[in-house]
């Protein structure tokens, strides 16, 4: 299979979990390299749904190592809740196969409080649409070099020291700026101790494990979260997440060299969705948008929020292909387009009187573009039982071919339904 990176090509929710679950069979290890539990990866195996927020999507494949890299921010309570839920289903979640990098940053209670306090102060027009799970404040502490790392959970005195230091500044903000009660450092520490005890067995040197897996002749699957256009640097800033989502961060966020990243698959929904605030050039506000939302079951796996829906945006995909050096696309939810008489594809933007093929670089530039559309005939056939590319309707194959022409990237995988088996590999 080769060491493979999975990235979302749009604004998240592209169906990465399903593709990771499918490819995990061929991998020796699956590693999450960025983000936190602000992402929800939904797996459906033989009709049974499983939603994961932190644990790699390959966990349902027994015997595969599942790793959480140093680029992730981990909420230990969510982690423990997930392993307990998986254990109830009979899934092996022992420390022998599930491991957390000792360098992973830990989301603390005060990060979540800070996240919600900040969002509450913003006007309706300035809200980012954060999930309120403490992701941003945790990354902020990491950059300020005062964060709590997973290894600190095994050192009670250092843990207490860091909690006390961390709350000195934050409590001033809570009381003076946000008008909420300050947190008691000792209470936070005492509440963390039993959690730390349960997490400690899972701590490991993830970087070395990745090297060992490759030395054994096995491949590693790098699982990204969110989407490239939520990337802190390359996304629709400031309506972005707090980490680098691009494929290049797989090396830094997992602890390996860039030459170990051999195959880069961009997961692409057959239309476009976005959760929360931020520019969305191809968003639909009509009956077609409602149809996509309904037929695609477009509700966030993490927040339950209704997703905004629109036509496929090739400007967005072209930019992702450039930023991530994609080797192929995995096209998901193609079945949702069945029944549409006509399908629109955004092939370019009009921006400041010019036609552009890539997103503008200026802040909020995407809010001022006009999509240039190309129409293609749709298809009526139910494609959910198609098991080969040739079984797809001609119009569906033409749609895929046009995506390849406009992006210069091959569509190597086509998903025609939520179940693992409803996947066509070309």
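Using the three backbone atoms N, Cα and C, a Cβ is placed for every residue, glycine included.
Now, the feature entries from Swiss-Prot:
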- 13: active site, proton acceptor (ACT_SITE)
- 41: active site, proton donor (ACT_SITE)
- 12-18, 40-42, 307, 333-335, 415-417: GTP binding site (BINDING)
- 13, 14, 15, 16, 38, 39, 40, 41, 131, 145, 226, 241, 305: IMP binding site (BINDING)
- 13, 40: Mg(2+) binding site (BINDING)
- 301, 302, 303, 304, 305, 306, 307: substrate binding site (BINDING)
Binding-site residues considered: 12, 15, 40, 304; fewest surrounding Cβ atoms within 10 Å belongs to 304
Nearest recorded site to residue 18 (GTP binding site) by CA-CA distance, among recorded positions 38, 41, 304: 41
Would you mind pulling the DSSP three-state label for the residue listed as 'active site, proton donor'? strand
Over all pairs within 13, 14, 15, 16, 38, 39, 40, 41, 131, 145, 226, 241, 305, the annotated IMP binders, what is the largest Cα to Cα distance, rounded to whole Å? 34
For residue 304 (substrate binding site), what is the secondary structure state per DSSP, taken as helix, strand or coil? coil
May I ask which of the recorded positions 13, 41, 131 is closest to residue 307 (substrate binding site) if we compare their C-alpha atoms? 13
Counting other Cβ atoms within 10 Å of each Cβ, which of the recorded positions 18, 41, 306, 307 scores lowest? 306
How many other Cβ atoms sit within 10 Å of the Cβ of residue 226 (IMP binding site)? 27
State the Cα to Cα distance, in Å, between residue 15 (GTP binding site) and residue 38 (IMP binding site), rounded to an integer. 15
Please tell me which one of the recorded positions listed here (12, 41, 131, 334) sits closest to residue 304 (substrate binding site), measuring Cα to Cα? 131
The one of 38, 42, 131 whose CB sees the fewest other CB atoms within 10 Å, among these binding-site residues: 42
